[in-house]
Amino acid sequence: MKLLDMKGFIIFTLLFVAANAVPFLDKLREPHAGKTWVVLAASSEGWDNYGMEADVYHAYQVVRKHGIPDENIIVMHYDDIAHHKSNPTPGVVVNRVNGTDVYKTPYEVPKHYTGKEVTVENFLGILKGDPKLEKAGKKVLKSGPNDRVFVHLNDHGGDEVVFFPNFETTLSAKDLNDALIEMHKQNKFAQLVFYLAACEAGSMFAKLLPNDINVYAITATKPGELGWKAESDHGTYDTWVATFFTVVWLDDSEKSDLTKELISGQYDYFVEHNNFTMDGSHYSQHAQQYGDLSIAAKQHVSDYQGDKKAPKVHSGAYKPSGFAPIRGSQLFKLQSLIKNTNDADQKSQYVSQLNALLNNRQVLDKQIDEYVRQLPAIDANIALNGKLELNNRDCYKKLIDTFNQKCYGFSKNTYAINKLGSYYIESQQYKYCNMY
């Protein structure tokens with residue numbers, strides 16, 4: 001009898017599972033119970049950085065077209081290019097050569113945080129849902145434990161730092177990751193996906209982002225690697241109207257069925273399109289991924305960028321052109337103008353501008369060299385030329401913020417970012433932090 005009872009139990013269990021298998025699978029396919037929130041930020045300013053703001057405007061159009069409601073989107077941008085004195089089409093911003101407006105078409109980009117409101121404090125406050133900002137009438141994330149959050153930040157970067165236009169402080173890797181950890185502890189999301197476009201962007205997450213807080217990050221570049229501008233439009237706008245990483249990202253999001261494409265698939269698309277050819281030479285920037293990789297393997301792009309089907313802009317892969325290194329774009333531009341200009345007077349002017357730029361760089365090199373060499377108990381050769389492990393991040397941030405405020409203004413003087421390694425060895429000596 002016991003054997004028969006056991007067989008009967010097994011048969012009953014199998015029948016129960018079979019009867020409930022379809023409803024269970026349907027349950028997996030049900031829409032996510034929470035909301036999707038999107039934060040888009042271009043923490044840069046000026047005509048030379050046109051492409052970074054244009055990228056964010058274009059990203060706003062893409063997520064809106066894919067059904068993310070405007071009330072769930074927060075946009076931070078300096079808002080100085082649409083009506084900039086250098087803009088030949090006032091009120092219009094493009095993100096492709098010969099492209100259409102992305103500033104007001106088809107949706108007008110909101111101005112939640114603009115101008116002097118583009119600060120590190122406000123960016124982190126948005127993410128953490130700062131009640132002080134909300135009380136002041138500013139929009140912040142109101143996400144909860146069932147919600148998904150997508151964040152895109154586009155700016156100049158250095159080793160474990162992203163620069164903002166107001167020179168008061170910089171966004172350090174430690175502060176960013178601490179904010180994400182705090183958000184996790186406060187149940188501010190079910191999962192969070194972060195796309196960071198900046199030079200050396202991988203350094204913001206490589207050593208500090210945990211893999212168990214439901215956060216997944218893609219960066220445009222690996223640690224120590226410079227990024228590229230794209231879409232040179234020197235015929236009309238006299239600048240680069242996009243950055244390479246974001247061109248590739250938005251190209252994929254505009255032509256793909258986001259409900260079928262896994263986030264890992266979009267990452268693979270970045271990796272596949274990392275390379276480009278310019279003037280017969282091959283170049284690359286290498287997208288990286290960090291954090292909880294299972295998010296990318298299991299969830300679709302539509303979970304973070306919208307699941308509404310939008311008209312395809314094109315079907316094939318878009319091939320950007322007109323590249324320049326982000327930190328050296330002005331040098332690159334002048335060299336190109338000298339090479340391609342036949343007018344002798346015009347060429348002479350460009351040569352003078354190039355010499356002035358190179359002289360300024362030499363002055364900066366000399367200042368940094370003299371500063372480091374006068375510090376006691378510092379090996380100047382290692383400080384200036386070596387690569388050390390960063391182990392005192394608080395001091396490192398204090399040194400960078402001080403020089404950012406009082407000396408160079410890194411977001412406007414991007415060549416100076418190349419000298420951040422000089423602060424490594426200083427940050428190992430705690431006494432130098434007390435000098436500032």
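Heads up, the Cβ atoms here are built off N, Cα and C, so glycines get one too.
Automatic prediction, not curation, is the source of TrEMBL annotations.
What TrEMBL records for this protein:
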- HIS156: active site (ACT_SITE)
- CYS199: active site, nucleophile (ACT_SITE)
- 1-21: signal peptide (SIGNAL)
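Cα of CYS199 (active site, nucleophile) to Cα of HIS156 (active site): a span of 6 Å. The Cβ of the residue listed as 'active site' lies under 8 Å from the Cβ of SER44, ASN49, VAL162, PHE163, ALA198, CYS199, ILE326, ARG327, PHE410, SER411, THR414, ILE417, each of which sits 6+ residues away along the same chain. Other C-beta atoms found within 10 angstroms of the C-beta of the residue listed as 'active site, nucleophile' number 26, with every protein chain shown included.
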